[in-house]
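Working notes, beginning with the structure itself.
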Amino acid sequence: MGDEDWEAEIIKPHMSSYVPVFEEDRYSSGANGDTFNRTPASSSEMDDGPRRDHFMRSGFASGRSLGNRDAGESNKRENPSTLGAFGVGKRFGNKGFLNDKFEEGDSSGFWRGKESNDSEDNQTRNRGFPRRGGYQDGNDSEASGPSRRGGRGSFRGCRGGFGLGSPNNEFEQREGTQCTGGLFGSKRPTLSGAGNGDTYQSRSGNGSGRGGYKGLNEEVITGSGKNSWKSEAEGESGDTQGPKVTYIPPPPPEDEDSIFAHYQTGINFDKYDTILVEVSGHDAPSAILTFEEAHLCQTLNNNIAKAGYTKLTPVQKYSIPIILAGRDLMACAQTGSGKTAAFLLPILAHMMRDGITASRFKELQEPECIIVAPTRELINQIYLEARKFSFGTCVRAVVIYGGTQLGHSIRQIIQGCNILCATPGRLMDIIGKEKIGLKQVKYLVLDEADRMLDMGFGPEMKKLLSCPGMPSKEQRQTLMFSATFPEEIQRLAGEFLKSDYLFVAVGQVGGACRDVQQTILQVGQYSKREKLVEILRNIGDERTMVFVETKKKADFIATFLCQEKISTTSIHGDREQREREQALGDFRCGKCPVLVATSVAARGLDIENVQHVINFDLPSAIDEYVHRIGRTGRCGNIGRAVSFFDPESDSHIAQPLVKVLSDAQQDVPAWLEEIAFSTYVPGFSGSTRGNIFASVDTRKNYQGKSTLNTAGFSSSQAPNPVDDESWD
Ligand SMILES: Nc1ncnc2c1ncn2[C@@H]1O[C@H](COP(=O)(O)OP(=O)(O)OP(=O)(O)O)[C@@H](O)[C@H]1O
């Protein structure tokens, strides 16, 4: 299918065939083995350069060499300090790219209207304005950073934007209505996309394009429209304009086998011990080497054993004693290395020690612990972990998130709630409904903390902390975890933490997991689909996540792959929650071995046996790249990530990408280095949100020393006192 077909494809969505799954007559290459193409970029991978005009788009074969003669070569990086060479700043033959740049939506209208970026980060604002035919306007990037195609800078003004009246929450707030007090006084519909006129909404439901979805557990009711900034509560309870969400997620299985189901650690699990760990801040407790040293209660130890954990990961060795000692913590460790248990286990241990009694049925629940995460699927996963580790105790964990019936969330809570796992929008709604009181909160956890504090969720987090009853930071324990921690976000985080918080960095802050073999292929946008199909056919049935930059593209690529008889499903923010969960379920169980996803699935998701990640589109920010490829290569298992690099649109990421590859001791293609040189920016940060390569606790810029150790050996602490003034 040529690119000229894109518009036709999208304007006539495959309503009957969507959700795009082909189970029968499913393509099988028979290549279940290790047939993945790891050959460095060959000339055929290079000849997909930008086309001079639209006519040239027909047919994928008419590629043009980009003049990067060394594209077929790659350099094995032994020395991670490649970046020192960026000062050369020489230019290679890439400048022609710009001259015949093709604007993707020019003829199709698919991405027309660049100012109208409706990234999920931005939806709050964009949905405040009338839109027409969802496929004709705007870039619908879900990128967590500013969109690179057209949307660039569109919300830069929000940077560090605490206090802005216009929350830009990426995935969560989109479900509700809000912002009336902000820059954009309009409301958004409660159901994603439903009611905004997006023509393809109908694909998922009964064909009615406007608020027409009515699924098994859902109905759409138009509310009356009372003004309030609050996002979901009113929307879902019908107080405001917009449809009411009545989806009730199925309860998770209750049997012990399902609760403790887990996958095996991989061959590189023991190599975690060789990773350097840096602890900064003063009086850090020593790391522990074994679970026994944590002196957890018997029930917890039983649960740990049933979960298949026999050995601590580095982030657990350091974080568990720190949390047990009652200290605030910011911890940064590579994707898939066990951060969830690193905070859950000591919190549960404290709760058991404190003799938490089962909270009984009452209208207002006062949880001792609140955990927030940026996406619904992730918070649900954290909840399942909390349920697993608290099995057999009287600690009750509850999960609430957007896209589900508000009444269902309330019913879950009033049955008793010690640990509340929530997405921010739903949490604020429930607090607003006075179903949750904050007075008893002793532990506040921000998972994916850099995301939770950036311009998307930062304002919501601020609101949470200023809610009546929320204990001050001196009276609660605040814990932040992520695989990436841009400097700028670290500074913001200081506001939430006690001044003597500890910072644990396992390996390089913001570094990619070394168990993921990374390959970067130079592929022009019009050759991407062909290349994708080629790779997926080689992969066979191995589980693969394909990341694209926009929701519409996710639909399109999923449909395209189904047409190619590759069993595929998709997850993105314009899908109903029920569909999202179904898609994830189908992917998890292997029914659909290919999941096309936007950034909504980039962080935190822990899915067994994901062997490949393909970046069909590279993200706009390098931290996003690190999280995406971290969906594979988890817990010591080996994974592979292939990224299509289109010089026309991706050169901005070349430099940080080279650094991530070098640091992870991956091959760096010569052509990528050339592009990185030619786009050299002095003092580059690698992220739209500051330097993700903060190799250390940013306080060290002010205070001096920290401690460096390999995991498992306790550190000698002699750091200087923190400059309180900088943080409070
Ligand atoms: N000590 C351990 N022994 C065995 N398995 C473990 C251990 N710790 C964690 N795991 C498992 O490793 C997997 C990854 O853990 P987890 O999801 O907590 O990683 P993460 O560091 O939070 O990743 P991400 O940065 O992607 O969010 C999970 O399946 C978890 O159950």
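Note: Cβ is positioned from N, Cα and C throughout, glycine not excepted.
Small disclaimer: the values here were computed from a predicted structure and weren't measured.
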Motif 'Q motif' range according to TrEMBL, out of 289-317, 521-549, 608-636, 637-665: 289-317
Range annotated as region 'Disordered' - as stated in TrEMBL, picked from 575-596, 707-728: 707-728
Residue distribution over DSSP helix, strand and coil in the domain 'DEAD-box RNA helicase Q' (289-317): 16 helix, 0 strand, 13 coil
